[in-house]
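Handing you a structure now.
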Amino acid sequence: MTEQSKAKKIQAIRGMNDLLPTESAVWQRIEQMLKQVLASYGYNEIRTPIVEATPLFKRAVGEVTDIVEKEMYTFNDRNEESLTLRPELTAGCVRAGIEHGLLYNQEQRLWYIGQAFRYERPQKGRYRQFNQLGVEVFGLDGPDIDAELILLTSRFWKVLGISEHVMLELNSIGSLEARADYRNALIAYLEQHKDKLDEDCIRRMYTNPLRVLDSKNPDIQTLLNEAPKLFDYLDAESKAHFDGLCALLDAAGIKYRINQRLVRGLDYYNRTVFEWVTSSLGAQGTVCGGGRYDGLVAQLGGQSTPGVGFAMGMERLVLLVQTVNPDFKGSNDIDIYMISSGTLASGVSVLSIAQNIAEMLRDECPGLRIVTNYGGGNFKKQFGRADKLGAKVAIIIGENEAQADKAMIKDLRTGEQTEVAKSQIAQLCLTILEKE
């Protein structure tokens, strides 16, 4: 076969990456730590489809947002219905809650983890296919539940060992009515300085002026120093809500700074918005963000129900954990490696006996990682494979051991080995493994 006739190698799509075993072990460890925190607060998992009807995101996220305008993967199915790969998971969670009657006169504390898709420029810690973990609470409208979500995220950082590398930023964007008054004042200010605005801000000025506050252009940020402050337009209830939240965080010892330009990128937020930011990955970036969305359930066709939540990109979180602690690793090491050789006079392969013992151990010791040697090889080669896999214990069965219904158990870390009856294999293996 010539070089030209070889099939073209197919690679992963730009911005969509494979997670190889060594990396996935780190992810599994981090995910397990986060799930334990979520369980300790009494939150329950929900899973929703990756594909949703496009109008769900247009109504929830907002027609005039970067996500809807530029970043969604949208296509028509065979029935010419417009479908979209989810760019975030809150909208699907709300849709599921409405569809299945989870939200009517009920409190719900939900969490999810799953893939989302946005057509963005791939960069460090940000991809077109990414994994998002989030929490949503429905049916509670006080600042106390807002504080609990912040306490929960703070505990995430504590168990992951990154508390000193993240900072909480807080703001209140008030009610929809108060924001309308502020919107008019901001537009009036921006019109006075239109000659200093970049193309993106001019486009947003009339469609979604609050997004101008989020501009990354340093000249725009300087211009905004003299702009009207959203905080000055808050309604009395939103001010009281925010003051109550700050008081609860102060009492809990949570450090924060108030960022009056923090608005978040999605249209459904009201009152509380927050972000955990870090400078440990270079330029300051967001690790986790969320806020309150009391109008979203009604906006999507349900009965008016308060809601609050947050989400975080797992790629950036994993990157931060490993940047802060380069020794943070997952483990794919094997607990027990089954080594066997020979055939009994009856014609029974010793390998089949090793397989049966491995199955017995999986029954008696669930959770252990057990690998059986396949592909033959003498004992030296099999021990080499066990070492390559990081196995801690080897169970060796030759013809003599199989005939006597016994096995040789070897601690691969100390070299100590003991011959035991088949009935004692599980207990001795557990004893050796518990020495760690």
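Residue numbers in this text run from 1 along the chain shown.
Placed from the backbone N, Cα and C atoms, the Cβ positions cover glycine too.
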Taking Arg118, Arg121, Arg155 as the options, which does TrEMBL list with Glu88, Leu89, Thr90, Gln132, Glu136, Arg264, Tyr268, Tyr269 at the L-histidine site?
Arg118
Taking the Cβ of Gln132 (L-histidine binding site) as reference, which residues of that chain separated by at least 6 in sequence fall under 8 Å from it?
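Looking at Cβ-Cβ distances below 8 Å from Gln132 (L-histidine binding site), excluding near sequence neighbours, one finds Glu88, Leu89, Tyr112, Ile113, Gly114, Gln115, Ala116, Ala311, Met312, Gly313, Met314.
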List the residues of the same chain that sit at least 6 positions away from Arg264 (L-histidine binding site) in sequence and have their Cβ under 8 Å from its Cβ, in sequence order, or write 'none'.
Ile173, Val273, Glu275, Gly289, Gly290, Gly291
Looking only at the domain 'Aminoacyl-transfer RNA synthetases class-II family profile' (1-321), what is the model's average confidence as pLDDT?
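For the domain 'Aminoacyl-transfer RNA synthetases class-II family profile' (1-321), the model's average pLDDT rounds to 89.
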Considering each pair of residues in Glu88, Leu89, Thr90, Arg118, Gln132, Glu136, Arg264, Tyr268, Tyr269, all listed as binding L-histidine, report the largest CA to CA distance in Å, no decimals.
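With Glu88, Leu89, Thr90, Arg118, Gln132, Glu136, Arg264, Tyr268, Tyr269 as the binding residues for L-histidine, the largest Cα distance is 21 Å.
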